[in-house]
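K.L.:
Annotations per Swiss-Prot:
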- Gly17, Val18, Ser19, Gly20, Ser21, Gly22, Lys23, Ser24: ATP binding site (BINDING)
- Asp68, Ala69, Arg70, Glu71: GTP binding site (BINDING)
Amino acid sequence: MTATVSHAGPQVVILTGVSGSGKSTALRALEDAGFYCVDNLPIVFLEKLLELSGHTAGEVSRMALVVDAREGRFLVEAPRVIRELRQKGADVEVLFLDASDEALVRRYSETRRRHPLAGEGGTVPDGIAAERLALADVRGIADEVIDTTTLNVHELKRLVTRRFVAGDGAKLGVTLVSFGFRFGIPTHADLVLDVRFLPNPFFVPELKPHPGTDPRVAEFVLGQADAKAFLERLVDLLGFLLPRYRNEGKSYLTIAIGCTGGKHRSVALAAALAERLEGSGQPVRLWHRDVEKE
């Protein structure tokens, strides 16, 4: 397994599915896990939201939004928008929640709510049928479909949390973010590390134009004795911390590694740390926040 590097922005989870299937419960689970959550944002505005998140000092590394029948005429645009974002390198996953018609009718009966697509004088089964038809194309591009017919609220929350936060469900989900202090410290970071003590490739003419992902820059940074010592001590520290965080019920950890501009030193160190952690079996997400900024 290799680290996920996304210059396009944060991890995005799109929650969709039929009304009454548990989307609100799933969204609350992700919000509790640290996701920035948006309910009922027209899908056509998603790219703009991701663009804006990349121009603030407090970007989030995880975002979730609900796309459902309330989208109205925008709903037909959802498959196209999602495909285009993926083609541009965005980390977008689609989770579709479903349930049997009988379970949905029962849930509507218990809450005494009208189905949003039932129409004037229509029945809940009529609304369910209309909604399934409207969501067919979105369901077709889903990365995963979860049937919530037999799940209670707590079981669904645990399932969603394990799916999107804790990786394989047994290990702490770790996100590594490289950044530049010039652009602000990531506000959602649990641990912040400053690597500005290392020699800066910015002052080496042949290295200055290239990011820390370039092998020449990485070799320059990681070849320093202090960088090697720092990395070894950091791996040891995390080997001590991660299982203890997990035992305390923490399901995710965001580690931010910063240098001056977020282009060279922090990028090389974050990538090296991700490789070391994944080599030990620890799931890692890697995001170079500022590598393309000037």
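Placement of Cβ uses the backbone N, Cα and C atoms for every residue, glycine included.
As the structure is a computational prediction, the values presented were derived from the model and not from experiment.
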K.L.:
To the nearest whole angstrom, what is the C-alpha distance linking Gly17 (ATP binding site) and Asp68 (GTP binding site)?
P.N.:
6
K.L.:
Which binding-site residues (Val18, Ser19, Ser24) fall within 10 Å of Asp68 (GTP binding site) by Cα distance?
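P.N.:
If one measures from the Cα of Asp68 (GTP binding site), the binding-site residues that come within 10 Å are Val18, Ser19.
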K.L.:
Including all protein chains displayed, how many Cβ atoms other than that of Asp68 (GTP binding site) lie within 10 Å of its Cβ?
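P.N.:
If we count other Cβ atoms within 10 Å of Asp68 (GTP binding site), we arrive at 22.
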K.L.:
Which one is it: of the binding-site residues Val18, Ala69, which Cβ has the fewest other Cβ atoms within 10 Å in this structure?
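P.N.:
Result for the binding-site residues Val18, Ala69: minimum number of other Cβ atoms within 10 Å at Ala69.
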K.L.:
Can you list the residues of the same chain, besides Gly17, Val18, Ser19, Gly20, Ser21, Gly22, Lys23, Ser24, whose Cβ falls within 8 Å of the ATP site's Cβ centroid?
P.N.:
Asp68, Leu97, Ala99, Thr148
K.L.:
Within 10 Å of the Cβ of Gly17 (ATP binding site), how many other Cβ atoms are there?
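P.N.:
Looking across every protein chain shown, the total is 27.
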K.L.:
Between Lys23 (ATP binding site) and Glu71 (GTP binding site), what C-alpha distance do you get in Å?
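P.N.:
A Cα-Cα distance of 14 Å.
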K.L.:
Checking the binding-site residues Ala69, Arg70, Glu71, which are within 10 Å of Val18 (ATP binding site) at the Cα level?
P.N.:
Ala69
